[in-house]
């Protein structure tokens, strides 16, 4: 830092210190924890002890400045020595295994990671053995430094939360003159269809407005404006319906039209037209009010008679134009308000749903209000009515039933619906579902998470985020409590005795199919996948045993009496608590297409799912791997497997990168068994690299460059390398802490040169903006799941 920057930093820290320390000008341990926003933290206590150099149980401004100067301005060696002192709990000058275990356990707590005690022991031993170069039974500072230097990404940016807490804002806050994103060449290149369509839409609206004004020039300025807006409303109130003809749009996605029109942006365009209707309505009403004011001065009617009565006789149906106009103004404003993101995303989707159904009354009132509206409405209205009739007919055919329910972590309800023979869909499609037991008249859209090749059933994974989804989860949770089988323990005992035999059968089957790098642990994982796909709720190897509900009768038996080998205790299955078979009537309307239908026309696809946003990609990944297996070849002599690098009409993909971002560890349990199965499907390495590459991220976990997580992340890396399995998910793909560095990730993809890159995203809108900006920079095509 320069002298000026150093002065600013000193002023900032002093100001922050005074706001925390209070009148005594000292920071005690409680104030220190509050500043770090923690209640109980091993690291907060260790940092406080090291900052408190005089042992007075409080930190003065001089002590704070000295410690922060070392952590922010100090060399790597200074920071590493501070880290060593944090790990050296007893201050002996070396770190023994018990101290390391204490630190790693605290790291797990800080990162919100839950692992069994046995796994914590494994992490401690693997890190200790790697760092203890001389096998002396203790880690010295030089050994810790040498171990950290083997992890260059850690050494690049070693930070500490306690230092960042009082680190001033970026000293380079002068905003550089960047070109606005909407004016860049990359933005216009990636959004050319949408921008061209919007220009055509704006031009057509302008022509309608001008033409209507000229035709009614005899009535004065305000009358001309009102008529111009009215003509635009005729067009927009019809066009907004065209944008929601889902069956027609799904059909058009399979034609050349998808390359010309922005069909994948229909929801965005629907919203834009909705706001345009609100604008034209307000302007139309205001213009008529000013016109009525002028008329009231030269006629025998008052302003209120013009607005709220039929006496002036304005309108083609018994002079009701003014009255219907007022009602329409109120209804349109209410629909737009209830359609706002705040309402839809705050758990009140039903408000949006029911208010939006008033579009039927809006169209009826528009026909009464305006003599020409029916001419605009008749053709699109006929198609819309036909779609609705077909939808009702299709949804009532076949007698669909929910046959299995699985209650997953984070209040996710997994529904298994018996699939009718006539129901055909594409990967990534969605349906509207109605469950009379939950709400008789409500239909809600959800992505199909099973693959089209799975012919017997449909999967839906539904996250509880609103009134209807919460009622759904609670309905099945209460149903589980009421219908617990009296013979649950007998069934569970039988299942436990079948586990070792099932593992052997799966292992033998996989070996007979010449699976490469397939071991008995993989057999356990595959068996778990098969049980999960059949509806059983299985505890993954990464799930702490303490989370498995106790079964007293089974626990009293020995492993031999249970017919169970001790290692299989970690993957014992639960039956009845969160999974049940059922026979509940439901109705399904669809399927409807989404932007993800473009995946199979891509050469290099990046699939990004945030949280439950994985659901469309669960279907897509299964379908991709099904097509991938069809292209696999086996040598009859040496049993070598490879995948033919052929492009066909069904799939042009050469590479798929799947990125799944979750907030916490439990969320990975939604689809971890499926992803594990997909990993095993391509266990053999291809000559050009893996066809499907997975990237897993856990945002609650502290990143590798945070001093509170360095030891844990190093240990997880070492153990994953040793066991060839991630400790968090049980998969071979290592779960990365924090959020992806999109710049580095997309740069790597760009350098692979596997063909034109298409990025498909499903998740929060905020993250979509970040990813879209990066896609525009690298000239990747971006598609966001919307319905």
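Yeah, the Cβs are placed from backbone N, Cα and C, and that goes for glycine too.
Please treat TrEMBL annotations as automatic predictions, because they have not gone through curation.
Listed in TrEMBL for this protein:
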- 39-74: domain 'EF-hand' (DOMAIN)
- 75-110: domain 'EF-hand' (DOMAIN)
- 119-154: domain 'EF-hand' (DOMAIN)
- 195-214: transmembrane segment (TRANSMEM)
- 220-245: transmembrane segment (TRANSMEM)
- 272-293: transmembrane segment (TRANSMEM)
- 313-338: transmembrane segment (TRANSMEM)
- 359-377: transmembrane segment (TRANSMEM)
- 395-494: domain 'FAD-binding FR-type' (DOMAIN)
- 536-563: region 'Disordered' (REGION)
- 605-626: transmembrane segment (TRANSMEM)
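With a cut-off of 8 Å between Cβ atoms, the residues of this chain six or more beyond the transmembrane segment (359-377) that come close are 230, 233-235, 237-238, 241, 315-317, 320-321, 324-325, 327-328, 331-332, 335. Beyond its flanks by at least six residues, the transmembrane segment (313-338) meets 274-275, 277-278, 281-282, 284-285, 288, 306-307, 351-352, 355-356, 358-359, 361-362, 365-366, 368-371 of its own chain at Cβ-Cβ distances under 8 Å. Proximity of distant same-chain residues to the domain 'EF-hand' (75-110), defined by a Cβ-Cβ separation under 8 Å and at least 6 residues beyond the stretch ends, is recorded for 41-43, 46-47, 50, 120-121, 123-125, 127-128, 137-141, 144-145, 148, 155, 158, 160, 702, 707-712, 715. Residues of the domain 'EF-hand' (75-110) grouped by DSSP class, helix first, strand second and coil last, total 26 helix, 1 strand, 9 coil. Sequence-distant neighbours of the transmembrane segment (220-245) (same chain, 6+ residues past either end, Cβ-Cβ under 8 Å): 204-205, 208-213, 266, 269-270, 273-274, 276-277, 280-281, 283-284, 287-288, 290-291, 294, 359, 362-363, 366, 370, 372-373, 376-377, 380-381, 383-384, 387.
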